Amino acid sequence: MDKRESCGNSVAFKQPHGTQIEFTEQKQELSKRTANTGRRTLSHSISQSSTDSYGSVGSGSSEDESSPRDRSQKTHQGLSDFCVKNIKQAEFGRREITNAQKEMPALMVLRKGAGGEKPLAGAKVLGCTHITAHTAVLIETLSVLGAECRWAACNIFSTQNAVAAALAEGGTPVFAWKGESEEDFWWCIDRCVGAETWQPNMILDDGGDLTHWIHKKHPSLFQNIKGVVEESVTGIHRLYQMSKAGRLIVPAINVNDSVTKQKFDNLYSCKESILDGLKRTTGVMFGGKQVVVCGYGEVGKGCCAALKALGTIMYVTEVDPICALQACMDGFRVVKLIEVARQVDLVITCTGNKHVVGREHLERMKDGCILCNMGNSSSEIDLGSLQTAELRWERVRPQVDHVVWPDGKRIVLLAEGRLLNLSCSTVPSFVLSITATTQALALIELYSAPEGRYKQDVYLLPKKMDEYVANLHLPTFDAHLSEVTDEQAKYLGISKHGPFKPNYYRY
Ligand SMILES: NC(=O)c1ccc[n+]([C@@H]2O[C@H](COP(=O)([O-])OP(=O)(O)OC[C@H]3O[C@@H](n4cnc5c(N)ncnc54)[C@H](O)[C@@H]3O)[C@@H](O)[C@H]2O)c1
C-alpha cells in the first residue's frame, strides 16, 4: 500500500509559459513507498550497471593503449584531479556537449530559470552515471545551479572519452574512460569518493554501485550526506532492500519510477532506438519478417509499435494477463515463445526477467534468426546454455556474433545479449533530457528540503514535479496547454495549477 505524506518543496522555477511554480508555498502530495510494496520483481546484481554496455557511439577508443591510470595529465588550468583517456580530446567533447544541449531544453531552462539563484549552492554532488554528452549537460547544469561535482562512470563501456575530457577541462573532476576493467571501475569510484579535502553531501547514482561502495568503504561519509538520487531499477531495488532491513541511513529519491522516466525513457526511447540498434548491427529489411517480442511492458510496447510500423508480422509473449490483453487489443498475437520459435526471424527480450530465452527455444530457432535484448539485465537470454563444446561462436562484426550449430545453423546474437539500443546505437537526447531534468529536480528537492521532511526511506518525486518536467519540454513542440476554469477545477476537485491527476493515476 502506498503511504503518502504531505510536504512542501523549497524550490521555485519559471514555467515555460511564464507562470511560476512555487514549491515553497505549496503543500504537496508525496508518495512514500515502503520496501515491500507493489513493485515489480527484480533480480539484478549490484554491479549490473558496471557491466551492461551503454551507447557510446562516436567515442573514440583507439587512441593510446596505455592505461589512463599510468599517465599524468593536466588541464589548461593546471588541474590534475581527474583521470580520463586523453585530456587533449576536450575540444571535440565540448562540441558534443554543445550539440546535446540543443536537444535538452529543460535543463537549459533550469539554468536560466534559476535567474542567478543557486539552489544547489553548497551542494557537493558525487555522481556515478554513464558519462556521455547528455549526462555532461546534466552535470554542468548542476554546476550552474551552484553544486560542486565529482563524477565516475557507472558502466565500463559507456564513457564518451572526449566528453569526459571536456568535463575535466571544464573543471569537473571525472574518473572514467571507455573500456575500463572491473578493477579500473572500482579504482575510479574510489578516487572519485576518496578525495581528502572534499566531502560529498549528495549522491546521484545510476546502478547503486557508488552508494554501495560508500556504505562498504567510507560509511562515515553518510554523516554529511543529505540524500541519494537513484535512477536505475537495480539501484532502486537495493535501496528498498536496505530500507526494509533498516540499513538505509539517508533519504533517497527513486527517479526510476517517476512517470517522467517510465513513460518516456522506457517507451519512447526504446521505440526509436530499437530500430537504430537493429539497423546498425544487421542491415536487415524487416518488412514482412516475423518478430516475437517477449514482455509487453513499456519497453515491449515501444519495440512492438516501431516494428509494426515497418510491416512486420508481430507476436508477443507475456506472463501478465493485463499486459497480454493490451497486446491482443493492440493487434498482436499473444503466444508462448516455444510455439513460434521455429518460424520467427527476430526475437527481442524486454521483460527485465532472467532466462526468458533458453536452450530449448534456441534449439528450435531457424538458421539466421536474430536474437537481441532490450531489458536491463543481460541474463534475459540464457547465454550460458550457448557456451557448450558443440557450438561455435564467430564474431562477424563488432557487437554481432554468430552462434553456429554442428549442422551449420547460425543464430545471430546482438550485443552479447546486453541492451541492444544502449550498446549499439545512440539514445535520443530529448528523452534523456526528461530523465535528467527529473534527476536535477530530485537533487534540488532533497538538498533544500527542511530538516525532517524526508526520513531514512525511499521516496517518489511529487507529481507536481513530474508535471513541471513535462511542462518544460512542451515548448519544443509549440504545444499549447488548455487551462481549467475555476468552475472546472471545482468540478474535478483539483487545483487549477495541478497536480492534475491523483498519485494512483496510470497514464
Ligand atoms: N533498453 C533501454 O533503453 C531500456 C529503457 C528502460 C528500461 N529498460 C529495461 O527494460 C526492462 C523492461 O522495462 P519495462 O519498463 O518494459 O518493464 P515492465 O515491468 O513494464 O515490463 C516487463 C514485462 O515483461 C513481462 N514479463 C516478465 N517475465 C516474463 C516472461 N518470462 N515472459 C514474458 N513476459 C514476461 C512482465 O509481465 C511485464 O509486463 C527492464 O529491465 C528495464 O530496466 C531498458
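Keep in mind that glycine also has a Cβ here, set from the backbone N, Cα and C atoms.
Record features (TrEMBL):
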- T132, D206, E231, K261, D265: substrate binding site (BINDING)
- G297, E298, V299, G300, K301, G302, E318, N421: NAD(+) binding site (BINDING)
- 33-46: compositional bias 'Polar residues' (COMPBIAS)
- 47-61: compositional bias 'Low complexity' (COMPBIAS)
- 266-427: domain 'S-adenosyl-L-homocysteine hydrolase NAD binding' (DOMAIN)
- 1-78: region 'Disordered' (REGION)
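Remark: of the binding-site residues G297, G300, G302, the most isolated position is G297 (fewest other Cβ atoms within 10 Å of its Cβ). E318 (NAD(+) binding site) falls outside any helix or strand according to DSSP and counts as coil. Taking the Cβ of V299 (NAD(+) binding site) as centre and 10 Å as the limit, one finds 28 other Cβ atoms among all the protein chains shown. On the 0 to 100 pLDDT scale, the domain 'S-adenosyl-L-homocysteine hydrolase NAD binding' (266-427) averages 96 in this prediction. Cα to Cα, D265 (substrate binding site) and V299 (NAD(+) binding site) are separated by 9 Å. In the shown protein chains, 26 other C-beta atoms lie within 10 A of the C-beta of D206 (substrate binding site). Closeness to ligand 1 is met by V299, these being the binding-site residues among T132, D206, E231, V299, K301 whose Cβ falls under 6 Å from the molecule. In the structure shown, across all protein chains, E231 is the one of the binding-site residues E231, D265, E298, E318 with the greatest number of other Cβ atoms within 10 Å. Long-range neighbours of K261 (substrate binding site) (same chain, six or more residues apart, CB within less than 8 Å of its CB): E231, V255, I434, T435, T438.
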